[in-house]
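See below for the structure under consideration.
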């Protein structure tokens, strides 16, 4: 069975509590359960990881190449300034789909730019938790094309 990785970055452990007007009331635990179930219906295994620490995210991206077929990544605020995470993504050969719960292009100006998107296979923004499912569908299609 193919294995995929879902990586959530800083503050996403606070989903359901933090800025519910932006991110909704759903929790990270609920999101992870829903995503694992959706992946299972597609015949793949999804493992989930969340960290508030840039180095931990870089480490798991590096390790992912030998374990997983692809990554769904919400880098959180690291999206806008982490060239280290960008370089980690660029250093691996498996596809990465960037996802954001909110539409980063409609928010504060500092959130409009993603330094990580250019090295990802694609970016999905603004569809709430459903965006993660869209990312899963897109990643599966990318893997079929390979």
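Cβ coordinates come from backbone N, Cα and C, glycine included.
Taken from Swiss-Prot, the feature active site, proton acceptor covers 23. The DSSP secondary structure for residue 23 (active site, proton acceptor) is helix.
In sequence order, 74, 79, 123, 124, 125, 126, 131 are the residues of the chain that are 6 or more apart from residue 100 (active site, proton donor) and have a CB within less than 8 Å of its CB. Residues or ranges marked as active site, proton donor by Swiss-Prot on the basis of sequence analysis: 100.
Swiss-Prot lists 74, 80, 87, 101, 102, 111 with the feature substrate binding site, giving sequence analysis as the kind of evidence. The number of other Cβ atoms within 10 Å of the Cβ belonging to residue 102 (substrate binding site), over all protein chains shown, comes to 18.
Summarising the annotation, Swiss-Prot assigns site 'Transition state stabilizer' to 18. A coil conformation is recorded for residue 18 (site 'Transition state stabilizer') in the three-state DSSP classification, outside any helix or strand.
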With every protein chain in view, how many other Cβ atoms are within 10 Å of the Cβ of residue 87 (substrate binding site)?
14
DSSP-derived class (H/G/I helix, E/B strand, else coil) of residue 100 (active site, proton donor)
strand
If you count Cβ atoms within 10 Å of the Cβ of residue 80 (substrate binding site), leaving out that atom itself, what do you get?
16
